[in-house]
Amino acid sequence: MGRAPCCDKVGLKRGRWTAEEDQILANYIAEHGEGSWRSLPKNAGLLRCGKSCRLRWINYLRADVKRGNISKEEEDIIIKLHATLGNRWSLIASHFPGRTDNEIKNYWNSHLSRQIHTYRRKYTAAPDTTVIIDMSKLHSAEKRRGGRTPGWSPKSSSANTTTNTTSSKTNKSKETDPGPGLKSACDAKGASSPPTAATTTSAASSPRHSDGARSAVVDPDPNQPNSSSGSTAEGPCSGEDATGPWELDPIDLGDLWEAESEIDALMSMDAPLEGFDAVVGEAQAQVDDLFDMDMDWDGFAAHLWGGPEQNDHIAELQQAAEPQATAAACTPNEHEPQVAAAAAACTPDEHEPQAAAAAAAATCTPDEHGLEAFETWLLSDSF
């Protein structure tokens, strides 16, 4: 992109202009005028580029070009205009009749800039020296592309911008950072177990990470005597040694606290629970059925354990006592009243132990205290 070259620059002469070339160019312009600089070298018979011919004519061969060295007054004016306009050499040259912009630019770069920026030379103009700036030239030159103002550098501007951006980011981070808040990482939940280590944590509303990401480096508390072990009620804390950095084991203490809090929440809820109410209702119905049964303790035990009403020992004693009682009732004895009275009064009956055992067995029932304890357990909510 851009402007097309003025010529092919093939076979053209380069370097310094000779006196013969200056004479040919001056004669052609005096006869035909400046015209088109692209066609001028070919028409004039010069082996030069059109741009080279234009610069040679404007900067050296023109009749109104002021020759000679730049005076001290002109230096002062150049310095003041450069401080105001910057590197806008065409606009500066318009205030010097007979001086070209190229000449002023070369003089600034070769003499004035070195003296000002290297040696810090101060130019003091005469009291009667005044600089008059033509405002019409300033307005007309605004349409052109001007140079940079003195003291301005793209590198310095970018460096200042980077510095300001970095400082603003630092200030924002300081404002948003809540500070290194120390928080107990291995403390017990109750007040009876004091914290044994402190860890630096981020915001409390941050999402959960993996177990490895939740591990934090903690510092031992020198005031605690058992700080080397690092074990607390909530979870173990392992460390390298008593003085080195400690690491909190990747155990999820939050789940335990959440489970306990869930149980507390269930116990403190006023609304009934569907499953729990169903179990309690079924158990209460079974207890009511047991109390509604019309049975003695033997029947109650048989119904409870699914066995006979009497145990095996009681059955054997009753079977042994029945034949003896039958024999005593069926044998005829004429002296039965006297013998019975005498036997009852004086002689021990040989069947007395069996009868006593049978009577004791008949009156033997399950332990009342055991049944009361069983009833209490049955009515309780242990099951």
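A Cβ is built for glycine as well, from the same backbone N, Cα and C atoms used for every other residue.
What you are looking at is a predicted structure, and each value in this text was computed from that prediction instead of being measured.
Of the listed segments 89-112, 113-136, 329-352, Swiss-Prot assigns DNA-binding region to 89-112.
Of the given residue ranges 37-61, 287-311, Swiss-Prot assigns the label DNA-binding region to 37-61. Here the DNA-binding region (89-112) is broken down by DSSP into helix, strand and coil counts: 17 helix, 0 strand, 7 coil. As a whole-number mean, the pLDDT of the domain 'HTH myb-type 1' (9-61) in this prediction is 89.
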